[in-house]
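This report concerns only the one structure given below.
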Protein chains: 2
Amino acid sequence: PLCLCWALGPAAASAPPNLLLLLMDDMGWGDLGAFGEPSKETPNLDQMASEGMLFLDFYTANPLCSPSRAALLTGRLPVRNGFYTTNAHARNAYTPQDIVGGIPDSELLLPELLKKAGYVSKIIGKWHLGHRPQFHPLKHGFDEWFGSPNCHFGPFDNRALPNIPVYYEDFKIDLKTGEANLTQIYLQEALDFISKQQASQQPFFLYWAIDATHAPVYASKHFLGTSQRGLYGDAVREIDDSIGKILKHLQKLGISENTFVFFTSDNGAALISAPKQGGSNGRFLCGKQTTFEGGMREPAIAWWPGHIPAGGVSRQLGNVMDLFTTSLSLAGLQPPSDRQIDGIDLLPAILQGKLIDRPIFYYRGDEMMAVRVGLYKAHYWTWSNSWEEYSKGIDFCPGQNVSGVTTHTQEEHTTLPLLFHLGRDPGEKYPLSFASDEYQGAMERISFVVQQHKATMVPGEPQLNVCDKAVMNWSPPGCEKLGKCLKPPKSDPKKCFWPH
Amino acid sequence: PLCLCWALGPAAASAPPNLLLLLMDDMGWGDLGAFGEPSKETPNLDQMASEGMLFLDFYTANPLCSPSRAALLTGRLPVRNGFYTTNAHARNAYTPQDIVGGIPDSELLLPELLKKAGYVSKIIGKWHLGHRPQFHPLKHGFDEWFGSPNCHFGPFDNRALPNIPVYYEDFKIDLKTGEANLTQIYLQEALDFISKQQASQQPFFLYWAIDATHAPVYASKHFLGTSQRGLYGDAVREIDDSIGKILKHLQKLGISENTFVFFTSDNGAALISAPKQGGSNGRFLCGKQTTFEGGMREPAIAWWPGHIPAGGVSRQLGNVMDLFTTSLSLAGLQPPSDRQIDGIDLLPAILQGKLIDRPIFYYRGDEMMAVRVGLYKAHYWTWSNSWEEYSKGIDFCPGQNVSGVTTHTQEEHTTLPLLFHLGRDPGEKYPLSFASDEYQGAMERISFVVQQHKATMVPGEPQLNVCDKAVMNWSPPGCEKLGKCLKPPKSDPKKCFWPH
């Protein structure tokens, strides 16, 4: 017989692209020039956007660091992967120093799966998925880890709440001036890793999870005082500069066309720390900790020269969980089929400009507070924080108060959800009239989506219910050398108290 | 003797550039993609910005249409040119249909002065500096006028409040659907005028003062329903499209390098009409009618290919009054020396990137409410609107409430002004502590600036004190033909009532 044989074309045969995920900490939608920050102090990120694709409707899976990061790396809602609490209704839980839980072994994390395609994975910066040894990144698929198990390397030198795994005094943040050179160290780690991997010819996944914009914010000496926006702006400028250097490094090494880069943040800006220690959510309502747009809509940029058309703007509804599925797709892998995956593959949106119809769910702990379908967002529950907290000055919506929306008691609207049109009203200020045809029509569709979601929801075992001071890092490895080991207290596990 | 003679170089010998001023009505800082509008629906304006210079700190002279426009065309604060009231303290006055006053003959308007340099001037759109014949544009320097004496051509067909000079029924706005083709007509007028002038070889000044974004907002059929932002967004999209066509027309005629184009708005978005009939001020506080940033900070773009470097971003504090002085400078003319001119020549900022130190004054009627010096803004008076109005649902700061800042009684802070740092806190949410060194240092400088300003201030004769229904357009020219002349009531001049 006549046999015709072709080799696979270069596209199919070529190695999968490197994956570089730039994850910001508490940076808000409104912190970048490209997203309308009035000082326009992010020239490198703005250029990244103009060379790549800007996502205007990109979300986190949770308005808080730990669950958001767990969702990103598992592709699953926190209520599925266990990064939530059932201690009280609709509470934000995370991984403070005394948390007993962490990411369960049963969860499959992105770097574990990428091994199948030969990737070498590194996390630089903040982990936050559990600080006890069994939860560490190297136990969950990462090959290299440079950073801290929790947020920051701090609280710095605090003997009552030890956090730091090794370096008690090596990485300081001067809380008075805000000076710290951590971003520079994280930058150098990234550049070194990229160089090393480029030489090794193996594809890499680099998860650059820096934390300079999380209070206490910091910047290195060179950037201190350079922003119109104060110390927070200095931190943003240093990050912007660093990202510019990383992208240029990829270009210099000639691997920019083989490296898929995505920039986003873990949750909205922490307005409670603003303006000196917190960022901006632009025109969106409230901030971190809430399920309003300011808590969960994120700045997002995809960059992959030669593949993503320059200057694109996408209205695709995206989510940090999509980075899991999209990364697998880029690596030529399928997501696990034995569990519910919430993330979708964004490549059709990124490479072909397609719009995939999918909802966004806004959870707070164990409760689905709101859902977005198309341009409509329905709130089934509203709550900013309690009157008790609010009266002590804890305010997640400073300068903003929308009657009946930014409520200080948990308000149930499950029978008649509060509905907003996010195109006309991105600030969630004008609920639609319950009697309007528009309300009826939109809610019909949304109710169906919510019903489907709830009918198939199997919550995971909650991991953030129990706290115990005995599990803190009293004697991290290396403490002997420094003569700084501390004696842990007796174990006394308790239900964690989550105030909001 | 040996005589050496040179001709003047081509730059000096060439004709002065055409001037094209694109003035929006009630469009806010946050309405353009380039300024962070979350739907990014202004590709032409965004491109204009990327080819020209974006101003992030550009202001109007007053948070209301008439005084703002009077200031733009005279280069003088309304309190000097008479476009204010003394009927009550700190009230916004303008030119409704029954106003007796208008722009005084003693004021020198930009088109009058440009005549000396051979310019032909045309206004297309909204005049709003007095509708009685002696106040009309053709009496104040314009050679051509196509548009309405007041806002819109409406209220359309309203016999109780006649407004329209000629066309009772020619220019309709369907108040139910928002359909009207006025922007298309204004666009065609602009294109025709530009073509005609280009053929005539005389330099032109075109003041394109359209009003589709002023409530009742409108768009032509082709644009209805095309925006994510509702009818308001449809109007913005049509304007964006029109401006794209105007700029392309200049390029096609080969005169873009000889036409200085400036885009801005007359005051902040009217949040009271939002979201269906009003725009957005981004993250700034409150809107039109107020002296918070949302009332007075404007989107602004300068475009002049071959002269203004592409993609520039200026932090120069600018003001609509500067367009007067800058235009004169471009025409090779000096501003009048017999009166105080508040506008400055922005050319050093635009062409050489210089930063000129100058304050911004925020007036409401007869009162200097606030002042900006550098990044600091001091409020000497605060007031959003009265409790009486607020309790009726009139809200200039919907969803925003900053305690002690968005006050509903007129609050005097002249001895201890409320101070904000607009870099760290563009939303005016966090007043600086009176006891801080920062407060003391900033206020020392600001107090000096205010003292200088007040010491040399000679208010003009207020033109907006008297109203009389008899002066309305009961029998505009042309009404006979249509059989639509109305009989005016007996003259009964009264103090105008300005509620806020």
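Start at 1 and count along the chain as shown; that gives each residue its number.
Placed from the backbone N, Cα and C atoms, the Cβ positions cover glycine too.
TrEMBL labels come from automatic prediction, so no person has curated them.
Annotation comment: TrEMBL describes B:Cys65 as active site, nucleophile. Look at B:Cys65 (active site, nucleophile): DSSP puts it in a helix.
Residues annotated as active site in TrEMBL: B:His128. The Cβ of B:His128 (active site) has 30 neighbouring Cβ atoms from other residues within 10 Å, across all protein chains displayed.
Of all the Cβ atoms in the protein chains shown, 26 others lie within 10 Å of the Cβ of B:Asp25 (Ca(2+) binding site). If you look up TrEMBL, you'll see B:Asp25, B:Asp26, B:Cys65, B:Asp266, B:Asn267 marked as Ca(2+) binding site.
Feature annotation from TrEMBL assigns domain 'Sulfatase N-terminal' to B:17-332.
Among the features that TrEMBL reports, N-linked glycosylation site is placed at B:Asn181 (among others). Taking a C-beta cut-off of under 8 Å and a sequence gap of six or more, B:Asn181 (N-linked glycosylation site) has these contacts in its own chain: B:Ser220, B:Lys221.
Cβ contacts within 10 Å of B:Asn401 (N-linked glycosylation site), excluding its own Cβ and spanning all protein chains shown: 18. According to TrEMBL, the feature N-linked glycosylation site maps to B:Asn401 (among others).
Here TrEMBL flags B:Cys65 as 3-oxoalanine (Cys).
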All-chain count of other Cβ atoms within 10 Å of B:Asp266 (Ca(2+) binding site): 29
Nearest of the recorded positions (B:Cys65, B:His128, B:Asn401) to B:Asn267 (Ca(2+) binding site) - Cα to Cα: B:Cys65
Additional residues around Ca(2+), ordered along the sequence, whose Cβ is within 8 Å of the centroid of B:Asp25, B:Asp26, B:Cys65, B:Asp266, B:Asn267: B:Met24, B:Met27, B:Leu64, B:Ser68, B:His214, B:Ser265, B:Ala270, B:Lys288
Proximal to chain A - recorded positions among B:Asp25, B:His128, B:Asp266, B:Asn267, B:Asn401, CB under 8 Å: B:Asn401
Cβ atoms near B:Asp26 (Ca(2+) binding site) (within 10 Å, other residues, all chains): 28
Number of other Cβ atoms within 10 Å of the Cβ of B:Asn267 (Ca(2+) binding site) across all protein chains: 31
Residue pair B:Asp266 (Ca(2+) binding site), B:His128 (active site) - Cα distance, angstrom, rounded: 11
Pairwise CA distance, B:Asp26 (Ca(2+) binding site) versus B:Cys65 (active site, nucleophile), rounded so that it is a whole Å: 8
Which recorded positions sit within 10 Å of B:Cys65 (active site, nucleophile) - Cα, from B:Asp25, B:His128, B:Asn401: B:Asp25, B:His128
Number of Cβ atoms other than its own within 10 Å, given for B:Cys65 (active site, nucleophile): 28
Spatial separation of B:His128 (active site) from B:Asp25 (Ca(2+) binding site) - C-alpha basis, Å: 11
